[in-house]
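Novice: Handing you this structure, nothing more for now.
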Amino acid sequence: MLDVRRIRENLEDIKKAMDRRGEKEFNLEAVIELDDKRRELLKEVEVMKNELNVESKKIPQLIKEGKDVEAAKAELKELSDKIKAIDEKVRAVEAEMEYNLMRIPNVPHPDVPQGTTDEDNVEVRTWGEIPKFEFEEKAHWDLGTGLGILDFETAGKITGSRFTLYKGLGARLERALINFFLNTHVDQHGYTEVLPPFMANRTSFVGTGQLPKFEEDMFKIEGVDYFLVPTAEVPVTNIHRDEILSLEQLPVKYCAYTPCFRSEAGSAGRDTRGLVRQHQFNKVELVKFVAPEESYNELEKLTNDAEKMLQMLGLPYRVVRICTGDLGFTAAFKYDLEVWMPSYNRYVEISSCSNFEDFQARRAGIRFKRDKKSKAEYVHTLNGSGLAVGRSLAAILENYQQADGSVVVPEALRPYMGVDVIKKDEL
């Protein structure tokens, strides 16, 4: 959520920032008008409250002097009723203002490239060599089915489309990736592991920015105001909702595994086969709470932490800077990591690493103090996938496939797997 003062003092700059995003569906002037109305009402009610305070103090003296106080009390009652009415108006104006503010996206950082689609994203760097096969390579869904480790048909029978049943070494590989990611982030990168609830309430989703705008993308639990989490970002960021941290605590660094649930509204016909776009998938998430002046340095570190996973797995990838049109609602700046997928003959997103600056912190009330006497400030929040597990598994199958249909296990995963090669008969 943007600061009203920031909108008021930098209206033209904010308008230009929204134009860069291609956003036209809200009225910034309306927010300022509501804020003006709120300020006028607050001034009016403050005068009345002062008058009420002064006149109330006269009653004991009137009683002491033996004078009739009924008329004075009636006037005080009338004044008190007026104050209550104005207070109610203030609450209504503030609610309307918050309604509008909640629907305004974050301001892009000046270094975010201008663009409208993912084709306008800017490549920053690449790592690894794209494999060249001396045989006709297969897609991961064919490899997984052939090896008996991925079963899309049975998952469809159990639930429906865009679900997967992992079997044998497929299930073990999924679990190995989760443990490998968590262990590395904790032991080498200094994150604290948490295991949060896999559903969260509406307030939590408002705090991280998925609600109110994107409710159609969520899986809601019938009968209660809970939603299945689309990413661990939601419950983990809300760990410190409505809290004041100390500067000494920052940066706070969490990593968390959760299954993620997404309706994929609007994605009909896209990536309908395989593991790339599922209603349920596993992911390890990285979340940071940092001091504002450190947030972009911390974003680089977070991105490097996610990159390290791909490097240790030996998977070729690239880093791209996301353009304004592809930035998403909450981010001020975002990198995507894209892993090479031979079946697509292109790079495919496997991690997004974002700096939200104080956008989420304002919505969720997450602040810090530099010392005991200083005023509380909003932290900056960051997060990134470290990594998406299903897409990592798909990339391993495709990049490590052999001519006979087997798949070599990356060296980093062999202690978790207990095998060097995944073969059809080894389930």
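The backbone N, Cα and C atoms fix where each Cβ goes, glycine too.
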Novice: Please pick, from Glu215, Glu216, Glu248, Glu285, the residue that TrEMBL records in the L-serine site together with Thr231, Ala232, Glu233, Arg262, Asn383, Ser385.
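Specialist: As annotated by TrEMBL, Thr231, Ala232, Glu233, Arg262, Asn383, Ser385 share the L-serine site with Glu285, chosen from Glu215, Glu216, Glu248, Glu285.
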Novice: Determine, using Cα-Cα distances only, which of these binding-site residues is closest to Ser351 (ATP binding site): Arg262, Asn383, Ser385.
Specialist: Ser385
Novice: Of Glu233, Glu285, Asn383, which is closest to Ser263 (ATP binding site) if I measure between C-alpha atoms? They're all binding-site residues.
Specialist: Glu233
Novice: If you draw a 10 Å sphere around the Cβ of Glu233 (L-serine binding site), how many other Cβ atoms fall inside it, taking every protein chain shown into account?
Specialist: 29
Novice: Hey, of the binding-site residues listed (Ser263, Ser352, Asn383), which one tops the CB count within 10 A?
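Specialist: Sorting the candidates by Cβ neighbours within 10 Å, the top entry is Asn383.
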